[in-house]
Structure formats: structure tokens, C-alpha cells
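A.B. asks: For B:D28, B:D73, the entry in TrEMBL reads Mg(2+) 4 binding site. Here TrEMBL flags B:D28, B:D73, B:D210 as Mg(2+) 3 binding site. Positions annotated as Mg(2+) 2 binding site by TrEMBL: B:D45, B:D73. The Mg(2+) 1 binding site annotation in TrEMBL covers B:D45, B:D121. The annotation substrate binding site is assigned in TrEMBL to B:H52, B:D262, B:W319. Here TrEMBL flags B:G120, B:D121, B:R147, B:S212 as ATP binding site. Taken from TrEMBL, the feature Mg(2+) 5 binding site covers B:D213. Residues or ranges marked as domain 'PurM-like N-terminal' by TrEMBL: B:27-139. Among the features that TrEMBL reports, domain 'PurM-like C-terminal' is placed at B:151-299.
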There are 2 protein chains.
Amino acid sequence: MSLPAEFALIARHFRPLAGEGALDLADDAAVLDLPAGRRLVIAADAMVEGVHYLPDDPPETIGRKLLRVNLSDLAAMGAAPLGYLMTTVLSRGTPDDWIAGFARGLAEDQRAFALTVLGGDTAATPGPTCLSLTILGTVAPGAVLTRAGARPGDEIWVSGTIGDGALGLKVLRGEVPDDASGHLARRYRLPEPRLALGQAIAGLASAGMDVSDGLVQDLGHLCRAAGCAAVIDAVSVPLSDAARHLVTGDGALLASVLTGGDDYELLFAAVPDAAPALRAAALRAGTPITRIGRMVEGGPAVRVMDGKGAPIVLAREGWSHF
Amino acid sequence: MSLPAEFALIARHFRPLAGEGALDLADDAAVLDLPAGRRLVIAADAMVEGVHYLPDDPPETIGRKLLRVNLSDLAAMGAAPLGYLMTTVLSRGTPDDWIAGFARGLAEDQRAFALTVLGGDTAATPGPTCLSLTILGTVAPGAVLTRAGARPGDEIWVSGTIGDGALGLKVLRGEVPDDASGHLARRYRLPEPRLALGQAIAGLASAGMDVSDGLVQDLGHLCRAAGCAAVIDAVSVPLSDAARHLVTGDGALLASVLTGGDDYELLFAAVPDAAPALRAAALRAGTPITRIGRMVEGGPAVRVMDGKGAPIVLAREGWSHF
């Protein structure tokens with residue numbers, strides 16, 4: 001008896017990605033054990049063709065981006081990766097080559113981040129491709145980093161550089177000039193989940209999250225969870241050379257940097273005394289961190305100040321899908 | 001500061017469904033512990049508007065069907081439900097009423113099956129609505145039911161009745177006359193995950209799975225996992241009164257019953273000596289089971305015999321999305 005095309009597709013492209021517990025993706029579910037003494041951390045994110053990635057993005061980077069935005073959620077909790085499940089609802093007529101490239105990218109990142117696929121589902125749609133991934137990780141009890149817990153007086157930090165993803169999308173759309181290095185487009189297509197940093201700061205920060213929908217809007221979530229306000233200094237926000245070059249040429253792009261999203265950097269708060277330990281942790285993790293402001297008394301609001309201490313008014317604070 | 005529409009939607013419709021560990025759906029991930037001494041069982045299934053459900057199906061049943069097809073995967077492993085994550089990629093312009101009905105259905109089934117939502121994601125698409133759910137369950141070590149393990153000589157059993165879902169789809173499409181009771185359409189829209197039965201037979205059956213893509217095709221998976229063949233007796237396959245009425249009127253519908261899918265009944269194999277214990281387990285679980293054939297020596301193949309011992313030739317064995 002021959003297998004239908006759906007099973008052949010899974011066997012050819014996805015079964016080689018399966019790891020321990022996945023039962024070769026041939027059973028109804030995966031069965032696994034958590035490492036002794038660890039808690040389960042679990043999150044899910046979806047990506048839609050034309051919404052979260054561009055239809056002509058290379059398939060190799062689309063699978064990796066899907067995995068990385070989910071890994072970034074683990075990083076934000078201070079968790080270490082365990083495995084993932086994925087549902088791929090592919091636009092009818094998606095070429096086999098595309099699926100092969102998508103799986104090849106996943107294979108590369110599975111090695112880079114030491115995890116494997118545990119299960120999932122594959123179907124077809126007359127609409128755009130719709131991908132969903134559930135990430136599993138683990139954390140030691142007492143070492144969970146959550147969004148709640150910041151206090152007035154805490155300093156606000158971010159990892160890496162902000163705005164590259166949003167500007168990278170503009171580069172790929174031809175809305176701003178390309179940077180010779182391709183840095184911005186690469187950052188849009190391949191975010192860097194800050195897993196080592198998340199685990200290193202989990203015991204030091206009072207609250208944390210990853211920046212996915214825009215720095216200002218996401219900082220608003222920390223404010224809401226804490227019942228206080230935040231003030232950030234726009235000139236302190238760390239920019240890559242490529243981003244700084246664009247913003248210097250067109251000051252209006254600063255709003256894209258602060259609200260555009262697709263950063264997947266860590267945003268966290270900590271008491272001022274924690275600064276030396278945070279810097280040491282960042283050094284160990286190999287990820288730069290920068291202090292950009294502080295939490296203050298007041299209702300949930302984010303104030304962005306320019307270099308002269310005057311407020312910057314933003315038309316929108318971040319990204320919404322509706 | 002106001003929240004974007006996406007967060008308002010989540011707060012209004014999905015946050016009331018959140019349970020312990022979900023951190024109010026307001027964090028980057030859920031954090032939870034497994035009950036002591038249990039293994040994690042995890043699976044994911046997607047449903048696409050117009051593919052897995054009809055665009056005019058009531059939203060209340062769509063959420064429940066999504067949850068139930070995933071619960072059926074837990075049932076097939078002998079596992080008990082723990083929680084779920086869900087990504088809803090909604091067709092642009094989906095009315096708020098639709099989302100409210102979808103969430104209301106989920107709330108009802110959360111109570112019925114004693115589980116809560118742990119996390120997820122919401123986005124919009126220009127295409128049809130695309131739903132993905134990851135189900136978490138637990139099982140005692142040594143009590144896992146898998147697809148592998150059947151042997152020649154084992155008897156083949158199914159739970160409940162077969163073909164109702166496939167015929168229910170035909171009813172809803174106007175391809176066959178409606179049954180007065182609405183039984184078939186209801187079975188298409190609201191499958192019954194056999195959780196109690198799955199846990200009750202896990203120590204008795206040699207192999208098991210749920211029937212989602214068609215009885216014959218799915219039995220082929222048990223054959224492939226076992227390296228043997230199966231013979232089933234078409235007249236033994238249990239039918240509901242409504243299904244029997246349709247098949248009696250049009251014999252060609254028997255093929256839809258055997259290969260149409262959407263059954264979400266359990267299909268399992270066991271040594272003949274296990275029959276009395278299986279019947280007792282089924283009685284305890286409140287789910288009827290029926291013996292429909294046996295595993296035999298040979299390469300992986302499923303032979304379906306009519307009442308006179310002659311083979312029935314089927315144009316296709318089950319459902320594929322590609």
C-alpha cells in the first residue's frame with residue numbers, strides 16, 4: 001500500500017529533524033520526561049506569509065525565524081530550550097524545493113540551539129502559508145524571569161541593538177537605501193534569541209521580556225505589570241552602525257526604531273545596585289547590554305525623551321495585527 | 001496608554017480561559033510543573049477554514065472541534081489532559097461575535113474535559129482562518145499506548161461508530177439526505193475524544209491510535225508499524241443507526257464510511273485472550289468497542305472483506321491534504 005503525499009512530505013522533510021521522544025513523528029503524540037528538578041516553560045507563536053515574513057524571503061531563513069522568535073520567548077523567561085512542535089499550513093502549490101529549504105534552515109538551527117522537533121501537523125490552504133510553533137523549555141524553580149516585578153527606581157536595560165529588524169523590513173521593501181553589509185535585512189530575517197543572557201540575568205533582573213512588537217509598546221507591558229511608569233532616553237537606545245547611519249540621514253526613522261518591532265532583544269528592569277552583576281552576566285553571555293532609562297512612579301505610561309530632556313511624541317507605540 | 005486591538009481581543013475573549021501556569025496570558029510563556037511521576041505527552045493539530053471545518057459551521061463548535069481532535073491524540077496515547085496552547089490566525093474582518101462564540105465553545109469544553117489554556121498567539125490573515133492547537137497531557141511511565149507493537153494473530157478493535165463524521169460532512173454539503181436527529185452533522189462538528197477508554201485499555205492493547213484520516217488508511221499505519229497485514233470484515237464495522245440507514249439506501253457510501261475520516265474513534269489491536277478484559281475496560285469507560293478483524297502475516301496492507309468473504313476494492317484508503 002502506498003502512502004498519501006502528505007505522509008511522504010513529512011517523511012522526506014520533517015522526520016530527519018525528529019529527536020528523542022518524537023517517536024519518529026509516526027505516532028499520535030510525543031512522550032518525554034523533563035530533566036529532574038526543572039519546571040516546564042512553554043509558548044507558541046504563529047507566522048503568516050506576507051504578515052510576519054515576506055513571500056520572497058528565502059525559505060531557509062523562514063523556518064529559522066519561526067524557531068528563533070519562539071526561542072526568544074524562552075530567553076525572556078530565563079529558560080533553556082527542550083524541543084518544539086510545529087504546524088505548517090502551506091499555501092497550495094508550495095514547491096517541494098521550498099519545503100526542503102525550510103526544513104534545511106530548521107536543521108541548521110536545531111544544531112545551533114541544541115533542540116529537535118517533537119511533533120506537529122501539516123496541511124494545505126488556499127490562502128497564504130500559515131506557520132505555528134510551540135516551543136518547550138525548562139527552568140530551575142526560582143529562576144523564572146517574568147514581566148511582573150519591576151519597581152519605581154529600577155533601571156531599564158536592553159540587549160544588543162534596537163530597530164535593526166524594523167529597518168531591515170524597510171530595506172527589503174525598498175523604502176530606505178540598503179546598507180552595504182546586508183546587516184539590517186539579515187536581522188529582520190534572522191533574529192538572535194538571547195538565550196544565554198536570559199538565563200544569566202534571571203536571578204538579577206526584577207522583570208523582563210523580549211521586544212517583539214516595538215520597544216515602547218513592549219515596555220508598556222512591563223509598566224502595566226508593575227503598576228508604574230517608565231522614562232527612556234532616546235539617545236541611549238543602542239543602535240547598530242547601519243541603523244545609526246539611516247537615522248542620521250532621516251530623523252523620522254527614529255520612530256521606526258522605537259516602535260517598529262521585530263527586535264527580539266531582551267528588555268529588563270533591575271535595581272541600580274545590580275548593574276555590576278548584570279554587566280558581568282552580559283559579558284559571560286557574550287551579549288552587550290545597555291541602560292536606557294528607569295521605572296518611575298505613576299500610572300502605566302512610557303515617556304521617551306530626546307537628548308535635551310524634551311519628550312518625543314510617537315504616532316503609535318508598536319505593532320498590532322488587528 | 002491604550003492597548004492595541006490585538007491585546008484587547010486577547011483580554012476580552014481568551015484571558016478568561018487561562019488557568020494555572022498561564023500567567024494570565026500576559027507573559028512570554030507559561031510555567032508549569034508535571035504531576036509527580038508522570039511523563040509529558042504532547043501533540044499539535046491544525047484546522048483550516050473550508051478544509052477541516054465549514055465556513056458556516058457555528059463558531060461554538062469550531063473551537064470545541066479544534067480542542068477535541070487534539071484531545072483525541074491524547075486518548076490514543078492513553079494520556080490524561082493537562083492543558084493547551086492555541087494560535088488563532090483569523091481571517092481579516094472576522095466579527096467579534098464569531099470570536100466570542102469560538103471562545104464560549106472552548107470554555108464549555110474546558111469544563112467538560114478539565115483543562116485550561118496555557119498560552120498562544122493571535123494574528124490576522126488575508127486568507128481563510130487558520131487555527132493551531134498544541135495539547136499537553138500526562139501518562140504514567142509504562143502505560144503509554146503507541147502505534148507500534150501489534151502482532152499477527154492480534155484482534156483489531158474500534159470504539160464507538162465509524163463513518164458518522166464523513167457522512168455528516170456529506171449531510172452538511174447537501175450530498176446525502178439529512179437524518180432527522182442531526183446525529184451525523186453533530187458527529188462531524190463535535191467528535192468525542194475517547195479519553196477514559198484510552199487510559200483504560202493502555203495496559204491491555206498491543207498498539208493503538210485514533211482514526212482521523214479514514215479507518216483503512218489509519219489501520220495501514222498500525223500495519224506499517226508492526227510489519228504485518230490486517231484483514232477487516234466490513235459487516236463488523238460498527239455503524240450508527242443514521243449511518244446504517246444511509247448505507248442501506250446507497251451501498252456506495254460504505255466507501256465513505258471506511259475511508260472518509262473525521263471519526264476520532266480509537267483503533268487498537270490486542271491478543272485474543274485480552275478480549276474479556278478489554279470489554280470490562282470499555283464498560284468502565286462507558287464507551288462501546290467492537291472487534292472488526294485481525295492482524296495477519298504479510299507486508300503492510302489492509303484487506304477489507306464483504307459479508308461473503310470476498311475482498312472489497314476501495315478507490316482510495318483515506319484522506320490526504322496534498
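Here the Cβ of each residue, glycine as well, is placed from N, Cα and C on the backbone.
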A.B. asks: List every residue in the same chain as B:G120 (ATP binding site), at least 6 positions away in sequence, whose Cβ is under 8 Å from its Cβ.
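C.D. replies: Looking at Cβ-Cβ distances below 8 Å from B:G120 (ATP binding site), excluding near sequence neighbours, one finds B:F14, B:L25, B:L85, B:M86, B:T87, B:T88.
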A.B. asks: Excluding near sequence neighbours, so keeping only residues 6 or more apart in the same chain, what lies with its CB under 8 A of B:D73 (Mg(2+) 4 binding site)?
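C.D. replies: The answer is B:A43, B:D45, B:I135, B:D210.
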A.B. asks: Determine the most Cβ-crowded residue among the binding-site residues B:H52, B:R147, using a 10 Å radius around each Cβ and all protein chains in the structure.
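C.D. replies: That would be B:R147, with the highest Cβ count within 10 Å.
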A.B. asks: Around the residue listed as 'Mg(2+) 5 binding site', which of the listed binding-site residues (B:D28, B:D121, B:D262) come within 10 Å, judging by Cα atoms?
C.D. replies: B:D262
A.B. asks: List only the single closest residue to B:R147 (ATP binding site), chosen from the binding-site residues B:D28, B:H52, B:D121, B:D262 by CA-CA distance.
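C.D. replies: It is B:D262, whose Cα lies nearest.
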A.B. asks: What subset of the binding-site residues B:D28, B:D121, B:S212 lies within 10 angstroms of B:D262 (substrate binding site), using C-alpha positions?
C.D. replies: B:S212
A.B. asks: Report, in whole Å, the straight Cα-to-Cα distance of B:D28 (Mg(2+) 4 binding site) from B:S212 (ATP binding site).
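C.D. replies: The Cα atom of B:S212 (ATP binding site) is 33 Å away from the Cα atom of B:D28 (Mg(2+) 4 binding site).
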A.B. asks: Taking Cβ distances under 8 Å as the criterion, give the subset of the binding-site residues B:D28, B:S212, B:D262 near chain A, ordered by sequence.
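C.D. replies: Qualifying residues, whose Cβ lies under 8 Å from chain A: B:D28.
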A.B. asks: Round to the nearest Å and give the CA-to-CA distance linking B:H52 (substrate binding site) with B:D121 (Mg(2+) 1 binding site).
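C.D. replies: Between the alpha carbons of B:H52 (substrate binding site) and B:D121 (Mg(2+) 1 binding site) there are 20 Å.
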A.B. asks: Can you tell me the three-state DSSP label for B:D73 (Mg(2+) 4 binding site)?
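C.D. replies: Once the DSSP labels are grouped into three classes, B:D73 (Mg(2+) 4 binding site) ends up as helix.
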A.B. asks: In whole Å, how far is B:D121 (Mg(2+) 1 binding site) from B:D28 (Mg(2+) 4 binding site) when you measure between their Cα atoms?
C.D. replies: 10
A.B. asks: Neighbour count, 10 Å Cβ-Cβ cut-off, for B:D210 (Mg(2+) 3 binding site): what number do you get?
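C.D. replies: Counting Cβ neighbours of B:D210 (Mg(2+) 3 binding site) within 10 Å gives 26.
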A.B. asks: Looking only at B:G120, B:D121, B:R147, B:S212, the residues listed as binding ATP, what is the longest Cα to Cα distance in Å?
C.D. replies: 31
A.B. asks: Starting from the Cβ of B:D121 (Mg(2+) 1 binding site), draw a 10 Å sphere and report how many other Cβ atoms land inside it.
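C.D. replies: Its Cβ has 25 other Cβ atoms within 10 Å.
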A.B. asks: Over all shown protein chains, what is the count of other CB atoms within 10 A of the CB belonging to B:S212 (ATP binding site)?
C.D. replies: 23
